[in-house]
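A short worksheet on the structure shown next.
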Amino acid sequence: MDIYNSIQFLASISARTMKFDDIFKEIGEFGPYQRRNYVVLMFGWMITGPIMVLSVFVMGNPGHRCQIPGLGNDTYAIQGPNHNSLVHKYIPLDVDGVYDKCNLFNIDQSAASFDNDSRPINASKTKCSAWVYDKTLFYETFVMKENLVCDNKYKISLSKTIFFAGVFSGSFCFGMISDLIGRKKTLLIGVLFQLASTLALAWSQNYLMYVLLRFCTGAAVVGVFMTTYVLAMEWVGPSRRTYAGIIMAFFGPVGDLYALLISYFARDWFWILLGVSLPFAILFLLYCFLPESPRWLYGTGRKKEAGLLLEKAAKYNGKEASSKLLDNVVLEKKEAGKIWLLFSDRRLGVRTVIISFNWLVASMVFFGLSLNTGILYGDYYINFLIVVLVEFPGHALPLVMIDRLGRKRSHFIYMGVGGLACLSTIFTVNYGGQDLQYLTTALAMLGKLFATAGLITIYVLSAELFPTAIRNVGMGSSSSWARVGGMIFPFIADTADLVGGRSGTALPLSIFGGACLLAALLTLFLPETLHQMLPETIEDGKNFAT
C-alpha cells in the first residue's frame with residue numbers, strides 16, 4: 001500500500017532530468033545491472049508494508065469483560081458450570097444482551113438478594129480495573145498488556161494518529177536528507193533507524209514509550225520506502241520507468257501478506273514485531289552493495305563518480321559507453337514555485353481545494369478500511385487477507401480506464417461507486433445484521449478497491465492540472481492532505497463504539513461513503529486533462545478548461 005506516498009516522484013524525476021535520460025540510450029534503459037539492483041530495492045519496498053499495518057495485529061482489541069473479583073484464575077472462556085454461574089452473577093448485560101465489557105455488579109455479600117435468573121437485585125454497577133480477554137484471535141496484544149479498553153480505548157486510535165504524524169514528519173525530513181547526503185546513505189540511515197525503532201517497540205514498557213517509538217517507526221518507514229522508490233526510478237531509463245513503477249506498485253501488497261502470515265502463526269505482539277523487524281537487518285546488508293544515484297552525484301558536482309558508475313553499468317549491460325558520456329549533459333533546474341501562488345486566482349484556488357480534499361478522502365478510506373479490520377463482520381484474518389488482495393485489481397483498474405474514459409470521469413466513477421458501496425452497508429447492517437455479514441464485508445471491500453484506484457488517479461489528475469511553474473509545490477501541498485486523512489481515520493472508526501448497536505457498526509462506513517460521494521461530486525468541477533495541452537505557466541493554469 002505504500003505506492004501512494006512516493007509515486008509522485010516518478011513524474012517529477014522525468015520532468016527534471018530529460019537531458020540526463022539520454023544517457024540511458026547508451027548504457028541500457030533497464031539492463032541486467034539495473035534489474036539486479038531493482039530486485040534488491042524491491043525487497044526493501046515490500047518489507048516496509050508490514051510496518052504500515054502493524055497496528056492491525058499489535059493493537060488488536062479482542063473480546064473482553066471485567067475480571068470477577070477474587071477469582072485469580074478467571075478466564076474469558078467459560079471453565080464450567082460454577083464459573084458460568086459466577087460470570088452470570090457478577091457481569092451485567094449491556095443493551096445488546098451481551099456481557100458488559102467495562103462494568104460489574106458491586107455485590108454486598110451480607111445483604112445481597114437475587115432474582116430467579118441469579119442476578120443481583122438493585123445492585124449498583126462499578127467500573128472495573130482488571131479484565132480477562134478472549135484469546136481465540138490473539139494470545140497477547142499491546143492492548144491486552146496495557147489494558148487499553150473501556151475508558152482507555154481512545155489510546156488505540158491516538159497511537160495510529162501519532163504513527164501517521166511520524167509518517168508526515170519523516171516525508172519532509174528524509175526528503176531533505178536524501179537531497180543533502182545522497183540516496184544510498186539516506187537509505188542506510190533509514191534502514192538502521194527502522195530496525196532499531198521497531199525492535200525497541202517490542203520491548204515497550206508502557207503506552208508513552210510505545211507511541212514515541214511508533215512515531216519513530218512512522219518517520220523511518222516513509223524515509224525507507226520513499227528513498228527506495230526514488231533510487232530505483234533514477235536508475236531506469238524513461239521508456240521503462242513507468243513499467244518499473246507499475247511492477248513495484250503491484251508487489252507492494254506482498255509485504256502486507258507477509259505481516260498477515262507472521263501474525264497468524266505468532267499471535268503475540270512481541271513475536272510479530274520481531275518478525276517484521278529482522279528482515280531490515282538483511283536489507284541493511286544488501287543495501288551496502290547498492291550504487292549511489294548517478295543523477296544525484298552529477299547534480300551535486302561529483303561528475304567523475306557519476307561517470308564511473310555509468311561506465312560500470314554500461315559494461316555490465318554489454319554496452320559500450322564513451323568516457324565523455326557526461327560532458328554535454330545539463331540538468332534542468334528545479335521549479336521554484338511558491339505555495340501562495342496556488343491561490344493567486346479563484347479558479348486555481350478552487351481546484352487546489354478540490355484536489356486536496358480528494359487526496360484526504362481517498363487516503364482516509366484506504367487506510368480506514370485497511371487498518372480497521374475489526375469493524376467488519378467475519379473472520380479477522382480472512383478479512384485482512386481480502387483487504388490486501390483487493391489492492392491488486394485496485395492498482396490495475398486505472399491502467400485500463402484512465403486513458404480510455406479520461407482522468408476526471410474515471411476518478412468520478414471510483415469515488416462515486418466506492419462511496420455508494422460503503423453507504424449501502426447501512427441497509428445490510430441495520431436490516432440484515434449477521435445474516436448479511438458477507439454482503440457487508442463485500443461492500444466494504446468494494447469501497448477499498450475503488451479507494452485504491454482513486455488514490456492512483458487523483459495523483460495523475462493533480463500532476464496534470466497544476467501548471468509546470470507550481471507543479472512541485474502543488475503536488476507536495478495537496479498530497480500532504482493524504483497524511484491528514486491517515487491521522488483522522490482512527491477516530492472515525494471509533495464512532496462505532498460511541499453510538500453502539502447496529503447503527504454504530506454502520507456509522508464509520510457511512511462516513512467514509514458520504515465523504516467519497518462528496519469528493520466525487522467535487523471532481524465534476526475539475527477539467528479533463530486527457531489529450532489536452534497541459535498548463536505551463538500560472539496564466540495557462542488560470543485559463544485551462546475543457
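Each residue, glycine too, has its Cβ placed from N, Cα and C.
As the structure is a computational prediction, the values presented were derived from the model and not from experiment.
Look at TrEMBL and you will find 103-531 tagged as domain 'Major facilitator superfamily (MFS) profile'. Computed over the domain 'Major facilitator superfamily (MFS) profile' (103-531), the whole-number mean pLDDT of the model equals 84.
Look at TrEMBL and you will find 38-59 (among others) tagged as transmembrane segment.
Per TrEMBL, transmembrane segment is recorded for 162-180 (among others). The list of residues near the transmembrane segment (162-180) in space but at least 6 beyond its ends in sequence, with Cβ under 8 angstroms from a Cβ of it, reads 5, 55, 186, 189-190, 211, 214-223, 226-227, 230, 296, 367, 480, 483-484, 486-487.
Taken from TrEMBL, the feature transmembrane segment applies to 187-205 (among others). For the transmembrane segment (187-205), same-chain residues at least 6 beyond its ends with a Cβ under 8 Å from one of its own Cβ atoms are 44, 48, 51, 142, 174, 177, 213-214, 216-217, 219-221, 223-224, 227-228, 231, 269-270, 273-274, 276-277, 280-281, 283-284, 287-288, 290.
Sequence annotations record features per position, and here TrEMBL assigns transmembrane segment to 211-231 (among others).
Residues annotated as transmembrane segment in TrEMBL: 243-263 (among others).
Under the heading transmembrane segment, TrEMBL lists 269-290 (among others). Counting same-chain residues at least six beyond the ends of the transmembrane segment (269-290), those with a Cβ under 8 angstroms from any Cβ of the stretch are 37, 40-41, 43-44, 47, 50-51, 54, 57-58, 138, 140-142, 145, 184, 187-188, 191-192, 194-195, 198-199, 201-202, 231, 258-259, 262-263.
Marked as transmembrane segment by TrEMBL: 348-369 (among others).
Marked as transmembrane segment by TrEMBL: 381-400 (among others). Using a Cβ-Cβ cut-off under 8 Å and counting only residues 6 or more beyond its ends in the same chain, the transmembrane segment (381-400) has close neighbours at 1, 3, 53, 56, 137, 246, 249-250, 252-253, 256-257, 260, 263-264, 369-370, 373, 410, 414, 441, 445-446, 448-453, 456-457, 460.
Taken from TrEMBL, the feature transmembrane segment applies to 412-432 (among others).
Summarising the annotation, TrEMBL assigns transmembrane segment to 438-461 (among others). Outside the transmembrane segment (438-461), and at least 6 residues removed from its termini, the chain residues within Cβ reach (under 8 Å) are 3-4, 7-8, 355, 358-359, 362-363, 365-366, 369-370, 376-378, 383, 386-387, 390-391, 393-395, 397-398, 402, 407-408, 410-411, 413-415, 417-419, 421-422, 424-425, 428-429, 432, 479, 482, 509, 512-513, 516, 519, 526, 529.
Counting only same-chain residues 6+ beyond the ends of the transmembrane segment (505-526), those with a CB under 8 A from a CB of the stretch are 350-351, 354-355, 357-358, 361-362, 364-365, 368-369, 372, 375, 408, 411-412, 414-416, 418-426, 429-430, 443-444, 447, 450-451, 454, 461, 465, 492-493, 495-496, 499. Annotation source TrEMBL lists transmembrane segment at 505-526 (among others).
When each of 38-59, 243-263, 348-369 is checked for Cβ pairs under 8 Å to the transmembrane segment (211-231), 38-59 comes out on top. Beyond the ends of the transmembrane segment (348-369), by six or more residues, the same chain brings 1, 4, 164, 341-342, 387, 411, 415, 418, 422, 444-445, 447-448, 451-452, 454-455, 458, 461-462, 465, 474, 477-486, 488-489, 492-493, 508, 512, 515-516, 518-519, 522-523, 525-526, 538, 541-542 to within a C-beta distance below 8 angstroms of the stretch. Note on the transmembrane segment (38-59): residues 1-2, 30, 138, 141-143, 148, 156, 159-160, 163, 187, 191, 194, 198, 217, 220-221, 224-225, 228-229, 231-232, 235-236, 244, 247-248, 251-256, 258-259, 262-263, 269, 272-273, 276, 279-280, 283, 286-287, 289-290, 370-371, 373, 384 of its chain, located 6 or more positions outside it, place their CB under 8 angstroms from a CB of the stretch.
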